[in-house]
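Okay, here's the structure, questions in a sec.
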Amino acid sequence: MGTTNDSVVSEFVLIGLSNSWEMHRFLFWFFAMFYMGIILGNLFIVFTVIIDSHLHTPMYFLLANLSLLDLGLSSTTVPKMISDLFTDCNIISFPKCMIQIFFIHVMGGVEMVLLIAMAYDRYTAICKPLHYLTTMNPKMCMLLIMAAWIIGVIHAVSQFVFVINLPFCGPNNVGSFYCDFPRVIKLACMDTYRLEFVVTANSGFISMGTFFFLIVSYIFILITVRQHSSKDLSKAFITLSAHITVVVLFFTPCMFLYVWPFPTKSMDTFFAIVDFVITPVLNPAIYTLRNRDMKVAMRRLSRKVFIIFHNFIFYITYPLLASSVLLVIISNLFFISVIAFLF
């Protein structure tokens, strides 16, 4: 671990969430359970959309991709955090730190564009229902997903190329439980004021602009529907409330982490946990609790899984039970025969 001006930093020190051993154990189980919920909840949505033919629509296709992105974004930081809580080893190598930064911003950039695509999907479905199926056709859905990934990679690479070549020869304490551009840049052995501004503009201002654009778009949709009938407005509000909640949960931490001029360790930790843990575990609940189609599809999938599991248990345990009974009968007959022969 290099800490002098003549050496090069080969690893970074991540700060723990607590200095207490008992709190470490509690946080380990707490975040391990949350991460399990993230995996199960998001994969359940993906499998439900894939298996249930009633959900083969653009809206649920985009929702399944959002669930995969939530799982991917959470997996960039949470497993390392859980491992550090268990081992009390808060060290991350320079290559792994750079990989973590890269994938955080790829996933974040893709999710940002995907939320815009989902807003466009709802605008077309609510405001232009007669043109919905022709506009949001499978080709358009694939183009939106491809565009999201291309923009996400460009977003990450445009910052990553500057950071990867920075000289790191002094302090190596990142000041957080994960690596990210704003914290790592400050450790470089050079003036990084302009680079910090580029990162703020690329991640912070874009997040802020996209957030307000989406909120204004949803308000415009509600105003457009209100001009037709109040009944349609209530239905539209129920549909859009889930999208608005997810947008607020995703962009609020991003704006505070990259734009807030007076960051503190506790505030950064709180919003990072919201971004990587709370939001991915809440999104499946948000999109299912107020969505009748998803709840019905999940009940159908649950019944199928139960039937498959029941049949599996029956066909596995029944032969074992029959074999055990037969073995007992044969053993008893053999024992009786031996007794009869001896006596």
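The backbone N, Cα and C atoms fix where each Cβ goes, glycine too.
Straight from TrEMBL, here's the annotation block:
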type	residues	note
DOMAIN	41-287	domain 'G-protein coupled receptors family 1 profile'
TRANSMEM	26-47	transmembrane segment
TRANSMEM	59-78	transmembrane segment
TRANSMEM	98-120	transmembrane segment
TRANSMEM	141-164	transmembrane segment
TRANSMEM	205-225	transmembrane segment
TRANSMEM	237-258	transmembrane segment
TRANSMEM	270-289	transmembrane segment
So, does the transmembrane segment (270-289) come close enough to the transmembrane segment (26-47) to give 3+ Cβ pairs below 8 Å, pairs being at least 6 apart in sequence?
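Judged by the Cβ rule, the two regions touch, with the required three close pairs present.
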Between the transmembrane segment (270-289) and the transmembrane segment (205-225), are there at least three Cβ pairs closer than 8 Å, leaving out pairs fewer than 6 positions apart?
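Between the transmembrane segment (270-289) and the transmembrane segment (205-225), contact is absent.
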